[in-house]
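Asks: For reference, the structure I am asking about is given below.
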Amino acid sequence: SLSVSSTKLIECSTNSFSPDSVRLVGRAGLCSGRVEVKSNQSWASVCEADFDRQDAEVVCVELGCGAPAALQGGLYGEGEGQTWDKEFQCKGKESLLLDCDTSDRENNTCLPGNAVGLTCSEPDDVRLVGGGSRCAGGVEWYDQGEWRIVGADWNKENVAAVVCRQMGCGSTVSVPPGNITRGFGVFCSGSESSLRECSRSYDLLPGLTVICSGINKIHYMDKSKWTLVDLAISATGV
């Protein structure tokens, strides 16, 4: 017998927003800056009162960054364009900020200095080992499923500056010599926000050891509450 199959055409709805619908601006790097949302082909800043910790979690995930580390109005200046006119009500598990529910703001004003700034931690793909604290030790980079030693030569101070910045560990205190291990070469200008922005090669160079100054007075998220803490460390004994 002859069987006939039919084809059904289905039209699916699509999100009206482009994938690049949120960004952090006002500071070098992808994971820190003033929160701006794209709507109708233009960017709008978000008022601090309309944005909370759960909203921040969604933004950090959407941008491929680590967990929220700091959230504050005016942290990265004011936007020159319009202000987003709704309040976000994310549950924290959404994959995109514009997938979150929103509600109308009670009053349609956002005072100057209240454009919300957000700092997400960098993805945990760099670590310092063997130095007695998370801000000192030999540099390792998680690459292709394993931790690999990072090597640097003539520009090791530039690479060290990027490592300390990426890990939120302040500035470089010293780059001790004498590491007998060798690792793949990384080359930075020193202004990058993470090692991922630097160039690299698989030439073996002396393993890089770094001592950073630590964190000094940053708004830190602990169990859903934002507090101001001093996390400065000492390099003594390293």
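Placed from the backbone N, Cα and C atoms, the Cβ positions cover glycine too.
The feature domain 'SRCR' is assigned by TrEMBL to 22-121, 126-213. Annotation comment: TrEMBL describes Cys90-Cys100, Cys188-Cys198 as disulfide bond.
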Asks: For a quick check of packing: other C-beta atoms within 10 Å of the C-beta of Cys90 (disulfide bond), how many?
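Replies: Around the Cβ of Cys90 (disulfide bond), 21 other Cβ atoms lie within 10 Å.
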Asks: Within the chain of Cys100 (disulfide bond), which residues six or more apart in sequence place their C-beta under 8 angstroms from its C-beta?
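Replies: For Cys100 (disulfide bond), the qualifying residues are Asp55, Val58, Phe88, Gln89, Cys90, Lys91, Glu94.
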Asks: Just counting, how many other CB atoms are there within 10 A of the CB of Cys198 (disulfide bond)?
Replies: 20
Asks: Can you break down the domain 'SRCR' (126-213) into helix, strand and coil residue counts using DSSP?
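Replies: Secondary-structure breakdown of the domain 'SRCR' (126-213): 14 helix, 44 strand, 30 coil.
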Asks: Write out the long-range same-chain contacts of Cys188 (disulfide bond), meaning residues 6 or more apart in sequence whose Cβ is under 8 Å from its Cβ.
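Replies: Those within reach of Cys188 (disulfide bond), by Cβ under 8 Å and sequence separation of 6 or more, are Asn155, Asn158, Val159, Ala161, Val162, Leu195, Glu197, Cys198, Ser199.
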